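In what follows, a structure is listed as structure tokens, so that the remarks can point back to it.
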């Protein structure tokens, strides 16, 4: 019966997967709480101490006036205005920054440090995302389709000479290595140098960005004390698009490379695995046919 089949599917596959999923979320929540809660409490206490110290130094202000000023700062920050510096800070909506923002919209990164504040901008952002996000998915899918078309030639590599097999594996390994350097190693080094971050912070920003998580705690080109080149954020947006495209290409290559390397290792040890081979080759007797009468 359909109901019985549904219950069997739920109990056999979906329920264990759901349990693993919930347990993974609970594990993440527990670890994040242990790692971050104490630091948050310290930051909160430090902020309260600084407010009290500020009021002691400037007795003409009262607690209410200070709270109103803090509220103004928070509202400015939500609208993308950095409270550090003055009115000469670079605009968050020049063409380079707008191009960077458009890239974060279509890739669904959404750092959260900048968003449209006008009603017209918010409405346009909705329709822009409705078209841009599917367009980005189609673009990445076409890249994956092109790669799969190339991989079909690699699937017949058992019929090729040993030298060609080794060259294909080396080519895949070289592609993965160069791609990793260009996408995940060199850019964090550049961001760390320009932004004044450590390499671990730059790598963290790169991973959070290319995984489209986009917390917004680290964003390039937002420090008002630094003088960026005019195309800095546009180049960062191009890196994001290239990085996502590279990930779409490389995800099918990783398992393929491991499979090819394992096959070469087995062949080098003289172990040739054949699916559906001759039973006698494995030391098993060939089954005898039983004659049947007409």
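Just so you know, glycine gets a Cβ as well, placed from its N, Cα and C.
Curation does not apply to TrEMBL; its annotations are automatic.
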For TrEMBL, the entry transmembrane segment belongs, out of 232-258, 259-285, to 232-258
Under the DSSP assignment, what numbers of helix, strand and coil residues are found in the domain 'Potassium channel' (87-145)?
39 helix, 0 strand, 20 coil
Across the domain 'Potassium channel' (180-251), what does the pLDDT come to on average, as a whole number?
89
